[in-house]
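Asks: There's a structure below that I have some questions on.
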Amino acid sequence: MTETLHKGPILRLGTRNSPLAMAQAHETRARLCAAHGWDESMVELVPVVASGDKVLDRPLAEIGGKALWTKELDQWLHERQIDASVHSLKDVETLRPAELTIAAVLPRADKRDRLLGAKSLADLPPGAVIGTSAPRRAAQALSLRPDCTVVTFRGNVATRLGKLEAGEADATFLAAAGLLRLGQDDLGHALAPAQWLPAPAQGAIALECRADDAETCKLLAAIDHAPSRAEVMAERALLTGLGGTCHSPIAVLCDYDGEGLTMRAALFSPDGKDKIEDSAQFAAGDLEAPARLARELLAKAPPSIAAVFNGAS
Ligand SMILES: NCc1[nH]cc(CCC(=O)O)c1CC(=O)O
């Protein structure tokens, strides 16, 4: 028998401590171990309570935005307390610290949202209350069901399910990928992209490390999934082109079919009354095409939509 000589972990992987984040960290560890022939002890999971998990009574857009999900882990990477961090890419701002790089995107799970509380939006009773704190979900829901009311629903997946159970709303939305990773993908009903597009990079897990840490970059690159990376980088390029933030009701879906990418995108006014949409086909790795689509969308945006994208460069 060969003796294991290594003394500590090879890789310290920072993660938020929510159940979904921990499930994603475990998936990442399993993929790294499979790719490199490691045993589990070689990847140490280092959990943190992120700022975004501390304040739960106000929408994220009001308290500091997506940066609140990454702030602590970015700092730990900077201080070299961890070698890499794992994120739901949907929650990661498009503008990142220059010292960091997305070294891997894992195979993307189901990209769709699921509706909980009713079989479809059309099935909701008149004047139903919908719980969500995502501007995109609120605007999309009101676009299809202007008679409904939206109430703020924050917290992790279990908290939101609890609020639905307690009757705080008639329905809510959760990402299929999150439910899947928590083993609860039997809950609710998937919303078809023809009617309902997800958020940029929904369903994707990204691994970040310091760009100058060649060793870690290489270890992480071994589990990168090129088609998923192509899709989500295109979606993030659209978001960048729109000057989008977590305030912005932006829905987008990019699908790689083995040859190229097809992108469908929609922008909404916050009240859901106005909507513009467009689509484009382009090659994987082309980030100019989604930027062009962003410009085309902005060019035809009515004032109600343009107002949300005032900060766009
Ligand atoms: N906004 C929080 C968040 N960030 C990532 C996911 C789910 C996993 C994913 O979409 O990758 C969720 C929960 C949800 O939106 O239902």
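Positions of Cβ are set from backbone N, Cα and C atoms, glycine also.
Those TrEMBL annotations? Automatic predictions, nothing curated.
According to TrEMBL, the record shows the following:
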type: DOMAIN; residues: 11-216; note: domain 'Porphobilinogen deaminase N-terminal'
type: DOMAIN; residues: 231-297; note: domain 'Porphobilinogen deaminase C-terminal'
type: MOD_RES; residues: CYS246; note: S-(dipyrrolylmethanemethyl)cysteine
Asks: What mean pLDDT score does the domain 'Porphobilinogen deaminase C-terminal' (231-297) have in the model?
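Replies: Averaging the confidence scores along the domain 'Porphobilinogen deaminase C-terminal' (231-297) gives 95.
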Asks: Helix, strand, coil residue numbers for the domain 'Porphobilinogen deaminase C-terminal' (231-297) per DSSP?
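Replies: Counting residues per DSSP class in the domain 'Porphobilinogen deaminase C-terminal' (231-297), I get 22 helix, 23 strand, 22 coil.
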